[in-house]
Structures are given as structure tokens and as C-alpha cells.
Amino acid sequence: MSTPTRRFPEDFTWGSATASYQIEGAVAEGGRGPSIWDTFSHTPGKVLGGDTGDVADDHYHRWAEDIGHIKDLGLKAYRFSIAWPRVQPGGRGEFNAEGIAFYSTLVDALLAAGIEPVVTLYHWDLPQELEDEGGWTNRQTAYLFAEYARRMAQELGDRISVWTTLNEPWCAAYLGYASGVHAPGRTDGAAALAAAHHLNLAHGLAGAAVREVLGADTKVSVTLNLHVTHPVDPDSAADRAAVAKIDDVGNEVFLGPMLEGAYPQSLLDNTSHVTDWSFVHDGDLALIRIPLSILGVNYYSSSRARFYDGTGERQQADGHGDGAGSPWVGCEDVEFLPQPGPYTAMGWNIDPDAFRDLLVRIGRRFPDTPLMVTENGAAFDDEVAPDGAVHDENRIDYLRRHFTAALDALEQGIDLRGYFVWSLLDNFEWSFGYERRFGIIRVDYDTQLRTPKDSALWYREVVRTGTIG
Ligand code: PNW
């Protein structure tokens, strides 16, 4: 008997994702104000090769061509982010009509091409003026964010399929304020926890504002990079406790308040030497826990941790920037050992089993909240063949294995609605600049020529057939 072909659901939302600062360029055009990533990338030593997002993929001028590529690939949806400083340069007060018009036109063009717009309101480009007043450590930022969200709901209205409040608040809080490898580059654990809480609050307030404008059934989501951490020795209670600590600081700090209405007591206890959590005000948790239409999950890699007994040098092979301070606030007695590989060009371990287990675990824990993979993909050192093609078999293999993991989760009854490959285009990979290429479409940074890689052509077939070739 032959096995039936395994197939994704007919209405599965296949897409690809990008983010404003990583692709748009045109940072001083159309009335855009500076963001913390402009400041950070222009600070010597912060980004590999001194790269900045000044030009990036020049998507601000080439968006029509880029939508053409999305259409050619047959994708059903496109996940992009709105640059807050493009639509409200100072983060408060005046809105910028030209910036709003850019996104409004983009959305119309997507719809005309039959592509669903999935919007992220915050993918890390905070208006610099707000950072000057404390950024995410300042509670006021959450309220200002909600006002910006409200305005975008008024402007883009029912043309948007899904409103995602935040992308990866873990990175914004801990890489931005604790390890300092992301903007604004601060290294203060207490500030990072305050930032995490204010990002939670921003999510709740913004989601509520969008629904106030567009109705209670408006689809609101948030995207989290959920960490999968294996204990070095699964039989060691100490190693399992170390992993539980990482889970708290990495995952539960967002899942708890957003989906369950509370911070875990273990998180508060384990970080009490860092902060007293007095930035959590009465009533905040009720504001944060809004009904979630979809939970977005970003997954790339897994890591391996154990209890650190203080002997020898503490290892930090968690893929978050060697040599920098640790993003794991309060986890001084935890160390990360290198994973066995294989690795992508980011040095991140490839572990599709962990992806499947994560989807199953989260899906079972929150059975009423559909899941969406809002990012998954890989950077590799692509080579361009003499004819200009990119034969990225390694990326195809990575995607094939992770698509299979998603199919496994679906077959186990998990309510997974869609999958967005990161990324549509090679782009500004944050502190790694243009050195690391995640795109399924190659970008030549001298000519801005776009060339679909073999992985894009392979993905087109997956989307067309609903099966993994
Ligand atoms: C995500 N880490 O970032 C972002 O959402 C994307 O903008 C980014 O390009 C993509 O993943 C690839 O990196 C991350 O250090 C950045 O663990 C850093 C980490 C994780 C995700």
C-alpha cells in the first residue's frame, strides 16, 4: 500500500515576511523621523562592517517590484511592518501624511494582487525622540504606542487581515536593554525587565485601541520568539531547574501576562535581586490580557543549558552575540553549552524536532488560540552561479525539514493556520548588517537587482501543491 501524500490544509496561509528597517531604506525621505536603529547603526562598532539601514533594499522606492515577486511566488499573504517614525516622526503628536500614504498605497497594491496584508505595528524601530525619554523603560511609551496603533487602524481600516502588535518583544527588551547588541544598546537588566513589562502593556493597549476602531472581532495577534532550551543532562534536576529559569525569562514573561493574566511567581522570585517589579501597576495585567485571535510564533533554533556552578568560565553559546553581556537577566547561575550542530551561517543549531515539539506544546496549552508561524528561515553563505542563479540547496533542506515539522504538528491536531518564511528578501540583518542573507530572493546591494533563489522556486511549488517536494 502506498502512503497517501501528506498535504497542508487548503486554506493554509502561506506567506513571507519582512520588517521596515531591514528593507525600506529612504530613512530621511518622505518626512520620516529617526529611529533608535538609525542611531544605533550609525554608532561605530555596533553593526558588523559599519552597515546601516540607510538604503537597505530600497524597498521604499521598489515596493511595486517586490509585490510583483510575492505574486509570482503565488504567496497568499505578506507580513510587513510599519515604521512608527515614518508615520509619526516624533512618536507623539503630529502624524505624517506622506508616511501614512506609503503604507496605504502598499496595502492597496497587495490587495489588488490578491495578497493578504498582515501588519506588524512594531518591529523595533522606535522613534528616537521616545528613547531620549527612556524608551521602553518609560511607561508612557506604551500609551503613545496605543495612540499610534489607533491611528493606523483608522487609516488602514478593514483592509488589513491581521494586526500584530509587536514582533519579538524578547529581542526588543533583552537584546536592546540588557545585552545591548540591539538598539538602543543599553546594558541594564532592571531596565530590560521594565521594558518587557511596558511592551506587554503596549500590546494590550494597542490591541484594544485597534478593536475600538474596527470592532471586537478584528484579528489581533502578537509575535513571540519562543525559546526552546534543552537541559544538558535531562536526568539532572539542577539542569532542569536552569532550563525552567530560562523559560521564565524568555517565554513566560510574555505568555504569562498576555495569555494567562499573570507573571509566574517563580519569575518574580528569581529576578528579585535585579528589580522589585514596582513598574507593574494595579490593573496592568487586566489590560495586557486581551483576547488573542492568533499567536505568532517565530522559530529558528534551539539551545542547551545547565546549572553553572561557578567553576571555569561561564559558557554563553546561546547564539545571542558572543562576548556581549548576557540577555538572560537574573540567570547568572545558568550557562549555555554549544549545540552539536549542524548550523546555519548565524551559528544557530538546526533542530526541526524542537520546532515540532514547541508547536505541539504551545498548541495544547492554548487550545483556543490558533497559531501562525510568523517567521522561520535560515541564513547561509549563498554563492551566485555564473548565470546569476543561487542554488541554495541548504536553505531548501532547512525549510523542507521545518515544513515537515509543522505538518507533523498539524497531524497531531494543532490549530496551525499559516507559515511565513523569513525572509522575502536578503536584508539588513540587525547587528550583522548585510553579511547574513536570509532571503529566498537574493538582493545585489550594488545594483538592487532581485533574483529568486532556488529556494523561492521550490517554495512556489509547495504553495501551489500544498505538499512538500
Ligand atoms: C528575528 N537572537 O530576529 C527578527 O524578527 C527578524 O527581524 C530577524 O531578521 C530574524 O529573526 C533573523 O535573525 C532575531 O539573537 C534576532 O536570538 C536575534 C535573535 C533572534 C531573532
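Glycine is no exception: its Cβ is also placed from the backbone N, Cα and C atoms.
All TrEMBL annotations are machine predictions without curation.
Keep in mind that what you see is a predicted model, and the values were worked out from it rather than measured.
The active site, proton donor annotation in TrEMBL covers Glu168. Around the Cβ of Glu168 (active site, proton donor), the number of neighbouring Cβ atoms within 10 Å comes to 25.
Sequence-distant contacts of Glu375 (active site, nucleophile), defined by Cβ-Cβ distance under 8 angstroms and a gap of at least six in the same chain, are Ala17, Thr223, Asn225, Asn298, Tyr299, Tyr300, Phe420, Val421, Trp422, Ser423. In three-state terms derived from DSSP, Glu375 (active site, nucleophile) belongs to an extended strand segment. TrEMBL lists Glu375 with the feature active site, nucleophile.
What TrEMBL lists as substrate binding site is Gln22, His123, Asn167, Tyr300, Trp422, Glu429, Trp430. Around Glu429 (substrate binding site), a 10 Å sphere centred on its CB holds 21 further CB atoms from the protein chains shown.
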Assigned conformation of His123 (substrate binding site) - DSSP reduced to three states: coil
Alpha-carbon distance [Glu168 (active site, proton donor); Gln22 (substrate binding site)] in Å: 15
C-beta crowding around Tyr300 (substrate binding site), within 10 angstroms: 23
Coarse DSSP state, helix versus strand versus coil, of Gln22 (substrate binding site): helix
Site diameter for substrate, Å, by largest Cα distance between Gln22, His123, Asn167, Tyr300, Trp422, Glu429, Trp430: 18
Cβ packing number for Trp422 (substrate binding site), 10 Å threshold: 23
